[in-house]
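Record features (TrEMBL):
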type	residues	note
COMPBIAS	1-15	compositional bias 'Polar residues'
COMPBIAS	186-198	compositional bias 'Acidic residues'
COMPBIAS	206-220	compositional bias 'Acidic residues'
DOMAIN	9-95	domain 'Large ribosomal subunit protein bL25 L25'
DOMAIN	103-182	domain 'Large ribosomal subunit protein bL25 beta'
REGION	1-28	region 'Disordered'
REGION	186-220	region 'Disordered'
Amino acid sequence: MAKNAPNNLTATVRTETGKGASRRARRAGKVPAVLYGHGTDPQHLELDGRDFAAVLRHAGTNAVLTLDIEGTEQLALTRALDIHPIRRSITHADLLVVRRGEKVNVEVNVVVEGDAVPGTLVTQELNTIEVEADVQSIPENITVSVEGAEVNTQFTAGAIELPSGVTLVTDPDSLVVNVVAAPTAEDLEAEGTTEEPAAESAAAAEEGDSAEAAPAEESE
């Protein structure tokens, strides 16, 4: 389950909005954020970048945040994050207002553990599944054990054991993990030999196109 630590964060109300104000906030080590939900007007906030990142690393993105908004306590969930493509820092956050005892739909990571029988290949078809859970009992992840699984074993969303109080939202027939026969050396060799003629045909086609185009250049 998501840790029940307070995950306290101090938030300040942003008096300026727009790209320029957001850039200034980020330069000051802050994360611009918007808080919305339960029919409330959206609030534009700033969070301390290091503190926010530390909470997410420790408790996960589904952790319930306890925001201190200029003296007012508000529970929230992280709904979406914008990440800088190079620095990997958080550049913006969408936060959802939640209340104690409320149930919410969240995407939870699927973790595959264990070893299938020798000669198999385990493929993970879904990295997350959607579940409904109490805001203070959201699983950090859902574990699928493939220990001893045979070839052609399939784990659908509906077959995964969920913690008490957590219900599945994802289509129960959705394939999450698939155990197939691992390719043999002969299979890989055969695949390589079929690719070579295809490459030769493509090269020949390119040469043919070049030969056809040459007279057109001479006629100009």
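Every residue, even glycine, has its Cβ placed from backbone N, Cα and C.
Secondary structure of the domain 'Large ribosomal subunit protein bL25 beta' (103-182) per DSSP, as helix, strand and coil residue counts: 3 helix, 40 strand, 37 coil.
DSSP assignment over the domain 'Large ribosomal subunit protein bL25 L25' (9-95) gives 20 helix, 46 strand, 21 coil.
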